[in-house]
Amino acid sequence: MSATASVATRHDWSLAEVRALFEQPFNDLLFQAQTVHRAHFDPNRVQVSTLLSIKTGACPEDCKYCPQSGHYNTGLDKEKLMEVQKVLEAAAEAKAIGSTRFCMGAAWKHPSAKDMPYVLEMVKGVKKLGLETCMTLGRLTQEQTQALADAGLDYYNHNLDTSPEFYGNIITTRTYSERLQTLAYVREAGMKICSGGILGMGESVDDRAGLLIQLANLPEHPESVPINMLVKVKGTPLAEEKDVDPFDFIRTLAVARIMMPKSHVRLSAGREQMNEQMQALAFMAGANSIFYGEKLLTTKNPQAEKDMQLFARLGIKPEEREEHADEVHQAAIEQALVEQRESKLFYNAASA
């Protein structure tokens, strides 16, 4: 397949086609991915997001990779839903260090009715700070999805994790079809989709291909596709899994870029385990989004300063959003924080 042949957006990928991409010589695959990438993006710009865990631990799901699952003893303390004000303060800090998108994650099977007002207030508050908003709250009803859209949520993250064939080996408390249904609700409500998967759970190359096929063959490609490397946490069933070969990880990023040419492909969890050379290869393969800051939910993430140093060495700059002038934007931040302190939803969000 020529480097330009896969620039067009497609939704009809077959396993044989995707397998052929994975089997290309490494240099040919990276050349094709970089060519596709340059057709749609500035190759020297990377979108920067910050992720905050707004509710940690005791999740009823049994995802074998996750330290937040209540099924496993990982030493992670259960925490209540964060106060709205604290979330906004964290968002303001993220803005100050260069993030353009603020992602909020809660360890839930699905959000409860009592928590939804606070979640919606978080979305509205973060939007006032001039950041794009993203949330991952588990499975959603159609009504909850619409409420989030009405509050101004830009992105909803709901990963497929792996192929349909391998999925049952990793999760039994939520079906693949339920995940796809949530994505359908998100799209129907007019929000953007963030959905990807995890490498290193014992899956085959065909499973990696199957995951990408599920994502690329959706009616519309996800705007953001996070590709995670398993972070092995003691106490989870996958703690002793074999490490992913770095070249296999880069291959998956490259194939994702070719199959979903207009999507942001995010270098997500597991980045702390990657040296600078591997991260540089990831950007060459078409990754153009990262999580930035001190923590990625409950696992470590490279320090923000190191990220900017690497960007400088590679000649990469963060993507920018159109926004207010600095003075106006700072005033907007301060006003949003004042309004939030005065809100009746400010105190003890978990006890409502």
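Cβ coordinates are placed from backbone N, Cα and C, and glycine is handled just like the others.
Cβ neighbour count for CYS63 ([4Fe-4S] cluster binding site): 23 (other Cβ atoms within 10 Å of its Cβ, all protein chains included). The [4Fe-4S] cluster binding site feature in Swiss-Prot is assigned to CYS59, CYS63, CYS66; the stated evidence is sequence analysis.
Around the Cβ of CYS103 ([2Fe-2S] cluster binding site), the number of neighbouring Cβ atoms within 10 Å comes to 27. The [2Fe-2S] cluster binding site annotation in Swiss-Prot covers CYS103, CYS134, CYS194, ARG266 and rests on sequence analysis.
Marked as domain 'Radical SAM core' by Swiss-Prot: 44-262.
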If one measures from the C-alpha of CYS59 ([4Fe-4S] cluster binding site) to the C-alpha of CYS194 ([2Fe-2S] cluster binding site), what distance in angstrom results, rounded to a whole number?
21
Work out how many Å separate CYS103 ([2Fe-2S] cluster binding site) and CYS66 ([4Fe-4S] cluster binding site) at their Cα atoms, rounded off.
18
Where ARG266 ([2Fe-2S] cluster binding site) and CYS63 ([4Fe-4S] cluster binding site) are concerned, what is their Cα separation in Å, rounded?
21
Can you name every residue in this chain, apart from CYS103, CYS134, CYS194, ARG266, with its Cβ inside 8 Å of the center of the Cβ atoms of the recorded [2Fe-2S] cluster site?
SER49, LEU51, ARG101, THR136, TYR155, ASN157, SER224, PRO226, SER289, PHE291
Largest tally of Cβ atoms lying within 10 Å of a Cβ, found at which of the binding-site residues CYS59, CYS66, CYS194:
CYS194
